[in-house]
Amino acid sequence: MTAAVPPPSATTDPDVADAWAAPVAEGPLDATVDIPGSKSLTNRLLVLAALADGPGTLHGALRSRDADLMIEALRTLGVEISEGASPSTLHVRPAPLRGGVEVDTGLAGTVMRFLPPVAALADGPVRFDGDPAARVRPMLPVLAGLHGLGVRITGDGPELPTHLPFTVHGTGRVVGGAVDVDASASSQFVSGLLLAAARFERGLALRHIGTTLPSLPHIDMTVATLRDVGVRVDNSRDGIWEVAPGPIRARDVRVEPDLSNAAPFLAAALVAGGTVRVPGWPAATTQPGALVPGLLERMGATTAVVPGADGDVLEVTGTGEIHGLDVDLHAAGELAPTFAALAALAGSPTRLRGIAHLRGHETDRLAALAAEITRLGGQCEETRDGLVITPRPLHGGVFRTYADHRMATSGALLGLRVPGIRVEDVATTAKTLPGFDGMWERMLGGAPAGPGAVA
Ligand SMILES: O=C(O)C1=C[C@@H](OP(=O)(O)O)[C@@H](O)[C@H](O)C1
Ligand SMILES: C=C(OP(=O)(O)O)C(=O)O
């Protein structure tokens, strides 16, 4: 089947004049989509490789804006990173970390939260800044944590900075020890400190002191990647992580596909009907995207894991009928935009709970989803910690993305069923999935859809 691309509607708003016309699905899907490497794993593994006791290699690494910002930042700090046979093979050669440099975080939470503890190990000041939208993302807990460990951090005023820009004054060593961190606004405050902690002289004993802790699978991912390189981590008590000082082992490692980036493609099978397959689905993973098949089943899909040429393939089949659901997405907030879009097309209401922290993501995602679904004629209300979505007939129009890659993929999902949706700045998907629009169109055309696939 082919994609029906609605004719562009005239717009006088220069910001949206070149918006992407989201294709409508004209019939059931039958597609296999190759999803590139996980952003969260790639950026953790790059940090650990940079701090390791020798050279190592990542295979199947993500190459996207967030990953490339991490690569550039580590190079700036003195680490040698070179491409192998393909851009997704990265050879990393650690080196003494140098200060007197500037790090561009873009809008990448993993760069702005994971690298300040690394910069504290550099031999001089490291200034951090990023996109305008990054300057409102919360930073204080990770900076206060470092400050508590004796690291000097300065911002524009006399106070400890709460946001970008700031400077971490590396001295080549961090004593380490015990620190309390309120990670209720982001799990990345914990992950960032844990990732570098084995290189602190006394290691780290981190206690979370907030009332709530989002994205626990991402913290478990941090612990698992640390243990994989020989770092001893004790997480036997809730809300406490102890990292022993010691070497970080260099290694060759393969990166799993990004299951959160797979979510909109798999969800497309529910919207359009038919089947979408994602190869390389891991049998066991710490990625929160592991929740996707179960959630899609609750919304009406059938799923199966079948053997493929290169590991397991996840198959999701839908009929076009979508059931609403009531779900706490605290553990997997980055899936919320996909499920909000599905909910707007469902046959019954949906409540997404436990995701207040999405207000500090790429944009205030709760406000952005409510505004954009409402703009298309839908009903989507913000609650204290989530969204209530009551399906109503939608109409075409511009879907704004607020520099948020997952807003863009949500707009694409709505556009599968609603003619005339135009996604503003679809290129923002390059944050984690460059070439998303081409992959989406190939999925509709029935051709193999991966970043390198030929249409
Ligand atoms: O550590 C990570 O790789 C991530 C943790 C989560 O952050 P929050 O805990 O801020 O939601 C997630 O949403 C983000 O996309 C990636
Ligand atoms: C929240 C996200 O990103 P970041 O790593 O920038 O926090 C995301 O990708 O959904």
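Glycine residues also receive a Cβ, built from the backbone N, Cα and C atoms like all the rest.
The following features are taken from TrEMBL:
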type: ACT_SITE; residues: GLU334; note: active site, proton acceptor
type: BINDING; residues: LYS39, SER40, ARG44, SER186, SER187, GLN188, SER215, GLU334, HIS361; note: 3-phosphoshikimate binding site
type: BINDING; residues: LYS39, GLY109, ARG137, GLN188, ARG365, ARG406, LYS431; note: phosphoenolpyruvate binding site
type: DOMAIN; residues: 27-437; note: domain 'Enolpyruvate transferase'
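Selection of the recorded positions GLY109, SER187, GLU334, HIS361, ARG406, LYS431 by a Cβ distance under 6 Å from ligand 2 yields, in sequence order, GLY109, GLU334, HIS361, ARG406. Of the recorded residues, LYS39 (3-phosphoshikimate binding site) and LYS431 (phosphoenolpyruvate binding site) place their C-alpha atoms 9 Å from one another. Looking only at other Cβ atoms within 10 Å, the busiest spot among the binding-site residues LYS39, HIS361, ARG406 turns out to be ARG406.
Closest by Cα distance to GLY109 (phosphoenolpyruvate binding site), from the recorded positions ARG44, SER187, SER215, GLU334, HIS361, is HIS361. Highlighted here are the recorded positions (GLN188, SER215, GLU334, ARG406) whose C-beta falls below 6 Å from ligand 1: GLN188, SER215, GLU334, in sequence order. When the alpha carbons of ARG44 (3-phosphoshikimate binding site) and GLU334 (active site, proton acceptor) are compared, the span between them is 17 angstrom. The binding-site residues examined here are GLN188, SER215; by Cβ neighbour count within 10 Å, the least packed of them is SER215. Per-residue confidence over the domain 'Enolpyruvate transferase' (27-437) averages out at a pLDDT of 97.
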